[in-house]
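Just below is one structure, and these are the notes that go with it.
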Amino acid sequence: MNPNYRVAVFFIWLALLPPFVYYMMETTGAFWLEHAVSITGFMILIALVSLFPVKIKGTTFIPVHGVSLAVFLHFGLFTEIILTQIAIVVVLLSLRLHPKERYRMPLNSLIFLCTSLLSGGAFFLFGGTVGATSFESIASQLVPVLVYTLTYFFSNNMIIFLIRRYLLGLKNERFFTEGLYWEGMTSLLILPVGLILAYLYHQIGLVALPIIGVPVVAVSLILKIYHDGKELIDQLQQVSEFSQEINRMTDSQSMYDRYIEACCDMFPADGVLLYDPPEKYTEQLTPVHVDCGILRTDRVLGHGDEVSRHVLRTGQAVIIRSDWDAISKGFNVVFPKAESVLSVPALREGRVTGVNTLISFQKNAFTRSHRMLLDILLNHLTIAIQNVLHLERARLEGMECGLTKLKNFRYFEQTLKKRYDHNEKTFALILLDLDYFKQVNDQYGHSAGNDVLYQVARVIEAHVPKKEGNVTARYGGEEFVVLLDDVTPEEAQHEGEALREAIEQATFTVFNDLTSHPDQVLSLTLTASIGVATRKDPEDPLSILRKADRAMYMGAKNKGRNKVAIY
């Protein structure tokens with residue numbers, strides 16, 4: 001809420017409620033003294049019921065209407081207003097509001113003051129009277145009582161709706177919601193309880209309070225447990241939908257973004273921090289996502305915050321409910337204005353694979369249910385991310401030659417077709433075959449031959465221009481192929497000659513596995529025969545590869561080797 005509105009609410013409350021209470025005490029003080037014990041009993045009952053507020057779809061519902069109806073019918077409007085105000089104080093104190101939300105105390109006080117006045121006025125307008133609660137009196141006033149209940153319900157929710165929409169700026173706020181439906185059903189169920197309480201109090205006095213009060217408190221507790229359970233089921237459904245959604249994703253960044261969105265939707269978090277574990281075992285976490293929510297500033301905590309590092313170290317989740325709770329647990333929380341912190345580890349086969357930390361500016365924001373849900377949510381993310389990494393690794397392995405670490409011919413062929421089929425783009429291919437390579441295998445062993453192929457691949461990589469579009473691959477055996485994108489025949493020939501010279505001048509080291517001294521390091525030199533072909537006309541890309549192959553054999557191999565031939 002706008003700070004100016006908060007100040008205005010406080011002064012309106014100060015101008016209305018204290019004078020109203022003073023006036024009431026002046027006019028009904030004697031009545032209160034006469035019925036002090038009874039009013040105190042109802043006050044205790046309404047306070048007990050207020051300890052179990054029910055949260056329905058983001059709306060906090062206080063099931064005190066039955067008790068307040070009995071108070072209204074017996075003691076009148078003023079007494080009902082005072083006891084309802086006490087109930088509001090009890091509820092808001094039990095919620096332990098953050099200092100920035102304390103404006104809700106006078107605001108809710110004004111809301112229920114208006115609600116009581118409107119519903120009481122409607123009751124009297126339809127001919128209702130208070131003070132007589134015999135069976136006959138109640139039966140004759142069913143219409144005013146029903147009008148009172150409906151006015152109480154709709155005026156209260158309409159005032160709250162208008163405040164949320166126009167004072168709090170929630171433009172998407174709707175009046176008719178599932179929360180309103182549940183609150184309406186609960187109010188109708190509580191109405192008979194209020195009438196029975198009023199009648200029994202008329203018949204047997206204070207004994208009626210525990211007779212009706214215990215079931216009312218029990219029902220309030222049951223409603224709270226029911227709706228808390230329903231909310232948990234709804235959240236588990238969200239977790240299930242989240243899991244299905246990210247398992248369809250193939251991009252880890254999209255998964256992280258969706259996960260952060262789910263955290264913001266499901267938890268009362270003002271900040272979300274997501275960390276990867278370090279490469280080696282240290283306490284230096286790697287931030288994946290750090291967002292301080294409504295502050296709209298991202299803080300990159302280079303090595304992780306203190307709480308997250310503790311979770312990494314112990315593998316145990318941590319809930320901090322307030323500043324004092326943090327101090328008592330030995331934490332020096334680094335987040336500005338943070339009151340509550342929830343941090344859980346992502347575990348995989350007993351190993352911590354990440355840490356997720358939520359922060360809130362409110363005390364007691366996180367519960368054990370939140371910890372359980374976050375733990376499930378994070379482990380779904382962990383499994384999905386690891387699946388993507390495995391798929392990516394498999395994809396890369398399918399594109400790579402395991403020996404030389406260059407692209408394999410399958411990838412090279414697919415790239416060639418994808419990039420140059422059905423267009424006139426120019427490119428050149430360099431096909432390279434090592435001369436007399438069989439002698440290396442025969443003389444030093446196949447392990448030495450493999451070492452030479454790996455070293456040749458590094459020489460080729462080092463001398464092929466680092467240009468987007470160029471690709472180096474192993475063609476097969478001791479043959480390598482290079483794709484040069486958008487080059488002239490002269491440039492392609494120059495690159496081929498540069499590669500030939502680089503290989504000729506390089507020294508390759510091997511171990512001779514075929515002698516009695518396999519640990520002896522030997523040096524050898526090689527040459528290569530190279531064929532170059534350039535695409536000039538819009539022809540099939542693979543036909544250029546065949547031309548390069550023909551140039552290599554006919555123009556280089558058959559003419560003495562260690563040469564570059566142009567098709």
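Cβ atoms are placed via backbone N, Cα and C, with glycine included.
What TrEMBL records for 6-25, 32-52, 72-95, 107-126, 146-168, 180-201, 207-226 is transmembrane segment. TrEMBL lists 425-567 with the feature domain 'GGDEF'.
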When counting Cβ pairs under 8 Å to the transmembrane segment (6-25), the leader among 72-95, 107-126, 146-168, 207-226: 107-126
Top partner of the transmembrane segment (32-52) among 72-95, 107-126, 146-168, 180-201, 207-226 - counted as Cβ pairs under 8 Å: 72-95
Residues from the same chain, set at least six apart from the ends of the transmembrane segment (107-126), whose C-beta lies under 8 A from its own: 9, 12-13, 16-17, 20, 72, 77, 80-81, 84-85, 88-89, 92, 143-145, 147-149, 151-152, 155-156, 159-160, 163
Counts by DSSP class (helix H/G/I, strand E/B, coil) across the domain 'GGDEF' (425-567): 62 helix, 39 strand, 42 coil
Stretch of maximal Cβ-Cβ contact with the transmembrane segment (72-95) [cut-off: under 8 Å; candidates 146-168, 180-201, 207-226]: 180-201
Chain residues in Cβ proximity to the transmembrane segment (180-201) (below 8 Å; excluding those fewer than six residues from its ends, i.e. six or more beyond): 38, 54, 56-57, 59, 61, 63, 65-70, 73-74, 133-135, 138, 145-146, 149, 152-153, 157, 208-209, 211-212, 215-216, 219, 223, 227
PLDDT averaged over every residue in the domain 'GGDEF' (425-567): 90
